[in-house]
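Dropping the structure in here first, questions after.
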């Protein structure tokens, strides 16, 4: 349906103050930032992605992460998606859009490439999380982005006409919300920012996460 080489990606990142509240460690703020940085690192290596922006209440993050940050003035993920979409259109992007969650520290560029290749055959597509109930990534080739992120979003996105891509894509499905999720990601192999924290942070190091090469 499309040449999938011109995807613009929106990464909604609420704020460091409220991110990863279910991670039962005191360094959750540092982990949230590391997850975001590793997610962005994988995205920016893709030849199929023309631009990546982050939408966040922490607009000053841009200097830290090296990615444009658009000020989030909404009340949730879907508002952030709309803010990012509007900004991209105002700045000349009229191609295809993807939304990727910011908590994919094990993300491999190959998985996002495979997803975009498969998604290019459908007007709208998405990937469910490892539990099969949430959404880690969606795409649209239409003028507007309609999204319904949150609990049980996979079911809602299906009802909205998004095609679920049934590929394995393990690193794209593994969003990290809990310590158990983080252990699974560590076994898969996380990016360098998360791996550095797992090794250097005393609290995390004491949990003895397995650190496979990212």
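Each Cβ is built from the backbone N, Cα and C atoms, and glycine gets one as well.
Found this in Swiss-Prot, in case it helps:
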type: BINDING; residues: 135, 150, 153; note: phosphoenolpyruvate binding site
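Would you situate these features in the structure and describe their surroundings?
Taking Cβ-Cβ distances under 8 Å and a sequence separation of 6 or more, the neighbours of residue 153 (phosphoenolpyruvate binding site) in its chain are 133, 134, 135.
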In which DSSP state, out of helix, strand and coil, do we find residue 150 (phosphoenolpyruvate binding site)?
coil
In the same chain, which residues outside the set 135, 150, 153 have their CB within 8 A of the centroid of the CB atoms that define the phosphoenolpyruvate site?
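Surrounding the site, in chain order, are 77, 134, 147, 148, 149, 151, 152, 154, 156, 157.
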Give the number of CB atoms, excluding that of residue 135 (phosphoenolpyruvate binding site) itself, located within 10 Å of its CB.
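A 10 Å sphere around the Cβ of residue 135 (phosphoenolpyruvate binding site) contains 27 other Cβ atoms.
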Would you count the other C-beta atoms found within 10 angstroms of the C-beta of residue 150 (phosphoenolpyruvate binding site) for me?
12
